[in-house]
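*Asks:* After the structure tokens below, expect a handful of questions from me.
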Amino acid sequence: MSDQSVTPTPSDPPPPPSGRPPKVINRGRTTVPIASSNSESTDVPEFEHFGVPGPRGLPPLTEYLDILDVDMMKKPNESNKMNHHTALYQSDNLIIRRGQEFEVKITFNRPFNSAQDKFAVEFVIGSSPQYSKGTYIPVFPTKDRQSPWAGRITNTSDNTITMGITPAADCIVGKYHMYVAVATPYGIRRTRRDISRDLYILFNPWVADDAVFLDDEKERDECVMSEMGIIYHGAYDDISERNWNYGQFNYGVLDACLYIMDRSEMPITNRGDPIKVTRKASAMLNSRDDDGVLVGSWSGDYSYGVAPTSWTGSTDILLSYASSKMPVCYAQCWVYAAVFNTFLRCLGIPSRVVTNFFSAHDNDGNLKTDIILDENGRIDRKRTKDSIWNYHCWNECYMSRPDLPTGFGGWQVVDATPQETSDGMYRCGPASVQAIKHGQICFPFDAAFVFAEVNSDVVFYSRKKDGTLEPVKVNRTHIGRLVLTKNPGDLTRRDITSQYKFSEGSTEERTVLEKAEEYGCKREKSNPALADVDLVLPTLEISVGDDFELSVEFINRSDQERTVDTYISGNVVYYTGVSSSEFLFRTPTEYVSTLVSVQSKSYMKQLVEQANLHFIVTGKVNETGQIITAMKVVTLRNPKLSVEVSGGGKVNEEMMATVQFTNPFTFNLEGVYIRMEGPGVMSPKFKYYR
């Protein structure tokens, strides 16, 4: 065989640049590329000939109908935006909702004569519009000729007609180009492409035929129209609130939301289905595997971006992603949920942010959160892989589920926080809340994962010297202790735990868990005998920097004396339940109770963001060999911020906003970063103090 080099023939594809995979092309696979970008469009000819034009071109078309002007009636105070609940969007274009009539005024060069004149209003979306795909829709004014979008003339005045157009209630959601086309004997003449005639069509929760219809005015007003929200965090017995500006109507946000779908290369034809839109978006809101919107970080080092706790709203994040085309740093669960909420509300899908307190992240797909103890009762952190998040935020969105049996529509869980993969990508949902409550975890999508987040058992195992594990305590009520969302129309919270699960210990709950087991979820079947000594840890309210005492109380329920070898472990943990460092470890032998003194200097230098102190007390009853255990999360409270606004709050008059807080420490604070915004009043501003 000779050493000759081979010259590639013209039909061979060029070799890929080193280090990069070859670009996937559609040649030989589809006749035209699949339209997957709303920002790309095709040139629609101003004149479309019937047959081949003669050598002298077209005769003068002066005797035929011509279009002089098109009024989209798109001002915020005009009927279209008022009737379609879109007047708040800061956009120069018309924004309407599908399944509901809107009007345009068309001025011709002479009065319209329905007997001899033929015209249509054409709507085009994407790069290869086709009537059969719903990406090219002609709308006709006469009853004898109709398309999937209804059209009618509602008013005629001299040369101007007003045409009412009703987009189909399942049409594609996105940005359309509009043309007016008039038929002549020689061909079709059209208006020129004009960006001022582009219009956005959104989901419509006000119309019964739309898949996202929500027949509750108060709930709909909150979950579609409200720009401000409250996100709950902290611990279930010490709940904190975080205000958030969703800003779904702000300038540029709608375009940013459409760009997210373009970036995901989601086919245009799928964008009318809220199930497909929300599933695709749950993957695109995080940057794992698709360069989506937000980079997650729980490390505490945010030097290359903004700390998750510093964000106050979604607008900056979405506009930054759309302009830079790069993922934005950094997010944690409530930031993912808040930005996802903006995306959903902006497109017209009713949505709300939900917080689950004591949320299981079960990494092996069973219904057990495993905590491994050594033979003496001390926790084995190397072998304990599952974690219990103090709280976890996700979204619920409202839609029908024609892909599921009747009764499983309504609220659906979607979660953009990258925890586990679903069909190969970091995403979660939509999963029917009703299916989760009733143990129907076989239904798509990811119902089993969400079911485990609210229903897992915490199982303490004692690990023997030979490596075998023996369950010593099962806590069936710790996980999914409380599920909260904001009450519609006011600033109070709403407990929706009962929408996810039946009351603990009820017959219904047992039936549901048995149903989940039929679909492959493994539970801990054993019921270790309860020890005759109870261990009680009190609820504490502690501010950052406080010294405090932890009371450990033993209650002897037997009629004999008991002594307990007890380990008390105090750890600084992230809100995800992952331990950062151990700051306290004690091994006294007790039989009544004890007070453990905790000095602030022992934990202050080891604090991480949103710091929580996690105490685990485990003990072995010497007389019986039984293991007893208790856990307590202590959320450290930060100093409260107060905001005062001077001035009467009048249009075109300057106001001053003063932010104050008291430094509770004996040392100066360094690297203080203040971020502030006011929906509709002040865009996000920040200041850094060294």
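All residue numbers here begin at 1 and follow the chain in the order shown.
Just so you know, glycine gets a Cβ as well, placed from its N, Cα and C.
Note that TrEMBL annotation is computational and uncurated.
These came from TrEMBL, pasted as-is:
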ACT_SITE  CYS333  active site
ACT_SITE  HIS392  active site
ACT_SITE  ASP415  active site
BINDING   ASN455, ASP457, GLU504, GLU509  Ca(2+) binding site
COMPBIAS  10-20  compositional bias 'Pro residues'
COMPBIAS  33-42  compositional bias 'Polar residues'
DOMAIN    325-418  domain 'Transglutaminase-like'
REGION    1-55  region 'Disordered'
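Distances, neighbours, how buried they are, the whole picture for these features please.
*Replies:* Counting every protein chain shown, 27 other Cβ atoms lie within 10 Å of the Cβ of HIS392 (active site).
The Cβ of ASP415 (active site) lies under 8 Å from the Cβ of SER282, TYR336, ALA337, TRP394, ASN395, ARG427, CYS428, GLY429, VAL450, each on the same chain and at least six residues away in sequence.
Neighbour density for GLU504 (Ca(2+) binding site): within 10 A of its CB lie 11 other CB atoms from the protein chains shown.
Sequence-distant neighbours of the compositional bias 'Polar residues' (33-42) (same chain, 6+ residues past either end, Cβ-Cβ under 8 Å): 26, 124-129, 133, 135, 174-175, 177, 258-259, 261-262, 265-269, 271.
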*Asks:* In whole Å, how far does the CA atom of GLU504 (Ca(2+) binding site) lie from that of CYS333 (active site)?
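*Replies:* Cα to Cα, GLU504 (Ca(2+) binding site) and CYS333 (active site) are separated by 27 Å.
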*Asks:* Quick check on the binding-site residues: of ASN455, ASP457, GLU509, whose CB has the lowest count of neighbouring CB atoms inside 10 Å?
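*Replies:* Counting other Cβ atoms within 10 Å of each of the binding-site residues ASN455, ASP457, GLU509, the minimum falls on GLU509.
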*Asks:* So for CYS333 (active site), how many other CB atoms are inside 10 Å of its CB?
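*Replies:* A count of 28.
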*Asks:* Tell me, which recorded positions from CYS333, ASN455, ASP457, GLU509 are within 10 Å of HIS392 (active site) if we use the C-alpha atoms?
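*Replies:* Near HIS392 (active site), where near means Cα within 10 Å, the recorded positions are CYS333.
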*Asks:* Cβ within 8 Å of the Ca(2+) site centroid (ASN455, ASP457, GLU504, GLU509 excluded): which residues?
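*Replies:* These residues sit around the Ca(2+) site: ARG476, THR477, ILE479, GLY480, LYS501, LEU513.
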*Asks:* Quick one: pull the CA-CA distance for ASN455 (Ca(2+) binding site) versus CYS333 (active site), whole Å only.
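*Replies:* Between the Cα atoms of ASN455 (Ca(2+) binding site) and CYS333 (active site), the distance comes to 20 Å.
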